[in-house]
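Record features (TrEMBL):
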type: TRANSMEM; residues: A:20-43; note: transmembrane segment
type: TRANSMEM; residues: A:55-79; note: transmembrane segment
type: TRANSMEM; residues: A:109-130; note: transmembrane segment
type: TRANSMEM; residues: A:155-176; note: transmembrane segment
type: TRANSMEM; residues: A:218-240; note: transmembrane segment
type: TRANSMEM; residues: A:260-284; note: transmembrane segment
type: REGION; residues: A:382-411; note: region 'Disordered'
type: COMPBIAS; residues: A:396-405; note: compositional bias 'Low complexity'
type: COMPBIAS; residues: A:482-492; note: compositional bias 'Polar residues'
type: REGION; residues: A:482-507; note: region 'Disordered'
Amino acid sequence: MFSTEQSCWFVRKVICWRAAASIAWAVLLLPPITAVFIILSRFSFLHPIHTISECLSLLTSASAIFSFILLCGVILMVGFLNLEYYTVIPTIACSKIALLGQLLHPRQFVSSVVHCIMGIIVAWCCAITIGGRYETLGYPCIQSDGSPQMCLNEYQLILLLAGAFVGFSHSLLGVIHNMNYVSFHTVQQYKYLRFKGSLPLVVKCSAIQALYSIRNYIVVYFFLGYIPRAWICKTLNLHLTSSAHPLDSIAGLLDLSLFYHLWISATFLLFTWYITLLLFRIFVTEVYSFPVQSSFTEDAHQCLPKVLLTDKQPMILKFLALQDLALLSQHSPSRRCEVFSLSQPGGHPHNWNAISGECLSLLADLTQRLVAYHDTVATNGRAKSLSTGSERKTSSETSVTSGTEDLMSPRPTLLMKTPASVFARSIVGGPQSPLTAPFTPDLDSPFASPALRRLTAPVEQCSPWHGTVQSPHIMRRAPKLWSTSTDSQVNGSFPPSPASVPSPKQEASKPSLLAQFLQNRKEQVKNFLAKRVLIMYLFNKLPEASSQALFADSQAHIWALEGLSYLVQASFSEDHFGVVQTALPSILSCMLVLQEAVDRHFKLPHASSKPVRSTSSIGDSTYKTLRFALRATLKTAIYRITTTFGDHLNAVQMSAEHRKRLQQFLEYKE
Amino acid sequence: MCSLALFPPPLPSGQTTLCESNNELLSGTSTEDRPKQVRFTAAVITTLCVFCRTAFLDHSETLWMRSAAAWRDGGLTGLLTEITNSHTEVPKWLSVSSGCTLALLRWISSFHGSLFPHLTLSSEDMIAEFSQVLNWSDCVVRAFSWHPHTDKFAVALLDDSIKIYNPKSATTPTLKHRLQRSVAAVQWKPLCASALAVACQNCLLVWHVDPCSLSTRPSSGCAQVLSHPGHSPVTSIAWSPSGSLLVSASPVDTAVMVWDVAAESCVPLQRLGGGGVTFLSWSPDGSHVLASTPSTLFRVWETRMWTCERWPCVKGRCQSGCWSPDGSRLLFTVQGETVIYALTFTDAPGSRLYSVFIHASGDELIMLDLSASVGGEIQSLSWDPRGERLAVLLKGDPQAVDRPAIIAVFKTRTNPIFELLPCGFVQGEPGAEPRLMQFHPNFQHGALLTVCWSTGRITHVPFYFLSTGVPHFGLSGSPLLPRLQERPSAFANQSLFTELIS
C-alpha cells in the first residue's frame, strides 16, 4: 500500500483523482445494474406485473438498502485494489513455475483472500435480493424426534460458496490473463464513447466467464461440498435435515432454477467488478497534456522534458508523457513549435535536446536488450560448439538456467554460421574505418544520449577497429566476458588498445578445478531433473513468452518512435533554427540499429508466431502483439523520415552500412 | 450552375483519348498516332498496360467441401449463404429455407430499428451495389491500387487473384488466399513498401509482399487475416495517410472498424442510424474520414478524438466522394442526382477543428449540374494528388445506346478560390466502357489517370501540365510551354463554376 507522502505529484494530483472518479462512476452505475439483476433474477413469465411490483417494493425495502450499502463497499474495495495492483508493464511468466510463483506470491494471496470475502458479501446480497429459499442460512425445523431446532439452509450456503469461488477464480484468472495490465489505445476516444463501445464486450465476458466458473464450481461442490457444509453446521450449531436431500448429489445439482440463480449471481458479481475495472482503465489511460515549457519555475518539474527525463517516477507517468509527446508531435503545431524553440538567455534547444535524448536512450536501451538476448542465444551455441564435455548436457543446462532457449530445440546450424559471417563483415569493415569514422557518435557532444554513449563505449574499448562499429552484429563478436558485464566496463580502466584483448580470453579458458567439479555436479543434477516429466513441465519454456517479456514495455518505444519521427517530419518545414538537423544522424542511426536488431530477433523461432487471440476475456492481451506493433511502427517511422527528406538525406553523415540500409528505404525496398 | 454542355463534344467512335498536352486532350485511333514527345515521356507508363482476361474460377470442389469451408470461414451465415448460392446442386426446399433463414438472421442481427432493404441482398450483390467499380459483378478488374510512393500497382481480378505489377522488377507476384473472395477494394499501406490491404467477402487481408522477393506466388502465410463477427462483406477500406491505422466498412455493420493492423486489434466506432457503412475515404491530411451509409445519410469523422458529424442527404445515399489534397474540401455525389456537392471545412488557426455549417441550409453546398446529353448518374470521383484535375466517372444510361459510361475530366483549382473548368472526356476503344479509375499518387509531369476498361485493359492517360502550386525545377525533356497553365481567354467565359470569396 503506497503512502501519499512519498509518492510523486502526479500520483497525488492526477492518478488518485482519476481512480476516485472511476470508482464514483462505478458506484453511480450500481443502482441500475442492481435493478436489472433483481428483475432478471425474480422474473416469472406467468406473473409479469406481479414480479415488477414485487421488485419495486423490494428496491425500497430496508434490507435492499443495507445490501446496497454493502455492495458499494465492495465496489470501493475493488476500485482500491485496481489502483493498488494495476501496472502498465505486464509481468510475463516465462515458464509454468514462474506463473506458479506469481500465483503464490503473498501479495497475490492477500488479493485472493480479499476477493473471496468480497465474493461472499456480494453473494449474500444476491441471496437477500433473490429471496425465497435463499433468504436465510438457517431455518427452524423439527427433527425426527420431534424437538424443534435450527437447520441448515443449503441453498444459501451454496450461493455464498459460489460467490467465494467466483471471487477466487477471478483473482487467479486475473494473474493468468494479466488483468491488472492497463493498455493504451491507439485510437483516442472520449471516455463516454469508449465506455459505451466496450459495454457489450463486458456483458458478454462476464456472462461467459460466470458460466465457466459456475460449471467448475458445481464440479468442485459435488466432490468437496460436504466439507464446508459440515464445518458450517459445526460452528453455527445447525443441523442437517434428513427430509431434504443434500445438494452435493446429482439430483440436487440438476436443478435448473438453482443453476440459473447461481449463474445470474456470478454474472452480476463479475459484471460489477469488470465495470469497475473498465472504468478504471478508461480513466487512467486518458490523455494528459503536459506543458512543454513553463514560465514559472515551481511548475518546471511538471513539464514534458523534465517528466520524460526523471527515472524515479511511476511508469504510468512516463507512459502518459510519451503518449502526450506522440500526440503533440502529430497533431499540434503550436506545441511542436515550443519543442523546437530555443531557450531565451543562451539560445540552447533544451526542450528538443531533452526530448530527443530521452527517446534515443529508450530506443538504444531496447537495442541493447535485444542484442543481449541474441547474445545469450549465441552464447549457448558457442558454448556447445566449443565445449569439450558432453554437448547435450551443456545445452540443456544453459537453456534451463538462462531461460532463453527452448529446451528441445538445438540449432547448431544457425549458430555455427554466425562467426564466419561476422568475420567476413569485420574484414570489410576494417579498411573502411577512416571513411566511416566521422559518423561515430561524438561522445562528448551534448546531442549524444547517455544510453548511446553506453552502447558505443564498450565497443570502442574492446574492438581493434576504433569506433567503426555500431552494429549489433559486430558488437556481438566482442569477447563474451565483456558483453555480459557491459555496465561495469563502461567505467572500466582497460586501455583502449588491441593488445589487451587476448589476456581475459586466456583467463577464461582455464577455470579452476573446483569450479569444474561443481559445474559437472550441477549438470548431473540438471540432467537428472530434466528427465522427470513434472519438472520438465514446470520448467519448460512457454513458447514466445520470452519474446513477449522482452517487448513488454514496448508501448513506450512505439511512442518514442512516433514522437521522434513526427517531430523530424515537422522539422522539415517548422524548425526555424535547425535544432533537429544536428540530431538527425544519431536519430537515423539509432533507428537503423534498432531495425537491424528487431529484424534479427524476428528470425528467432517463436518470435514471429502470432499469439492466439481470445475474445471472451476482459484481460487485455495487447502486450502479446506489442513486438509486431513495434516492428511496424519502426519501419513506418524510418519511412516517414526518408519520404520527408528524400535525397537530402544523402548530405547526412552516416556510416556506409547505414547509408546502404537507408538507400533501401529510399527505394522502397524494405 | 452550368452543365456538361460546355464541354468539348465527345470523340467520334473509334477515337481514343491519349493524353492531355498543351491544354487540350489529344486523341488517336491507335497508339501509333500518339505524338512523338508524348510517347517519349509516357514510355514508362504505357509498358504497364495489361490484359487481364485470365482463367475464371472453376467450381471443382464438391458442395460438401464448399459447405465445410463456408462453415469454417463464415460460421452459420457463411454456410447458409453457400447453400443459398449453390441452388442448382441442393434440393429446392433446402436452398429456399436457408435463404429465408439467412434473410431472417440478417434482419435480426441488424437490430438497429428500421429494416433496411439492402440487408436482404446477398453479399455479392451488396458489394456490386456499393462498390466504386461500375458493374462490379462482371468486371474483369475488380479493384486497382497504385502504391502511394513508387511506380507499382496491384490489380484484383475476377478470379479472386491479385497481381502486382512493378516496371522495375521482372516478377509479377500473384496473390491467392483461401479467404480472398469477391475482392471489393485493395489499398497499399502508406509509408510502407510491402503491405497491401484487401477487402474480401468475409474478412480483411493484409498481404506483406516483400518487394525484393523473387517469388511469384507468395504463400498465404504472408497474409494477415483480420476479421470481426458481423463485419462482412467488407466493401471499402482506407489507410490513414500516416500508415498507422486502417478503417474498414461493411454495409451490414453499423460500426466503422478502426484496425491496428500490427496488433490485429480493432476498435468499432458504433453509431446508430444508416444501417451500415458503404464507402470510406480518408482525407489526404489525415484529419477526416468520410463514411457514407446505405441510407440518405453520411458522416464525416474527425480522426483526433473520433467524433462524427451527421450529414443527411435529401434524395439518395452518398455514392462517392473525394477530398482535396489539403483536406479542406470534400466533393461528394448522391445517388439519383446528377450533381456534385462540395463541402468546405475551414481551419481554425492552430487546430484542425472546423466551423460547423448549418446542415442542409444549401448555402455552403455548391452544385454542379451534369445532366447533359452525355453522362447521367455519377459512379465515382477521383481528384489528382495536386488538386488540379478531377475525374468523374458517369454511369451513362444502360437503356440508351448513345449514352455510354464516360469519364469527364475537369480542371480544378482550390487556391485562392475554388474553380472548376472543363477539360474534356476520356474515351477508350470502341465498345470499351470505363469501370474504374484512379490517379497516380506522384506523377512528376502533371497527373496520370489510370482507367480500367470493361475489356480488361488498363490504360494510363497522362495529363501534362505545370502545377501552379509546386515550384518547378527545370523539367528536362518536357515539351510543355512555360505558360501552359495560364487560362486561355476562350475559357474565361466558359467557367463552369467559380466560387465567390465570401
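Backbone N, Cα and C define each Cβ position, glycine as well.
Note: TrEMBL annotation is automatic and uncurated.
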Under 8 Å between C-beta atoms and at least six residues away from its ends: which parts of the chain pack against the transmembrane segment (A:218-240)? 137-138, 141, 143, 149-152, 154, 157-158, 161, 165, 246-250, 253, 259, 262
Same-chain residues near the transmembrane segment (A:55-79), Cβ under 8 Å, at least 6 residues beyond its ends: 19, 22-23, 26-27, 30-31, 34-35, 38-39, 42, 114, 118, 121-122, 124-125, 128-129, 131, 272-273, 276-277, 280
Same-chain Cβ contacts of the transmembrane segment (A:260-284) under 8 Å, 6 or more residues past its ends? 15, 18-19, 21-23, 25-26, 29-30, 33-34, 37, 40-41, 71, 74-75, 78-79, 82-83, 86, 119, 122-123, 126-127, 130, 134, 158-159, 162-163, 166-167, 170, 179, 182-183, 191, 194-195, 198, 202-203, 205-207, 209-211, 213-214, 217-218, 316, 618, 620
Can you name the far-off residues of the same chain, 6+ from the ends of the transmembrane segment (A:20-43), with a Cβ under 8 Å from a Cβ of it? 51-52, 54-55, 58-59, 68, 71-72, 75-76, 78-80, 126, 129-131, 261, 264-265, 268, 271-272, 275-276, 279-280, 282-284
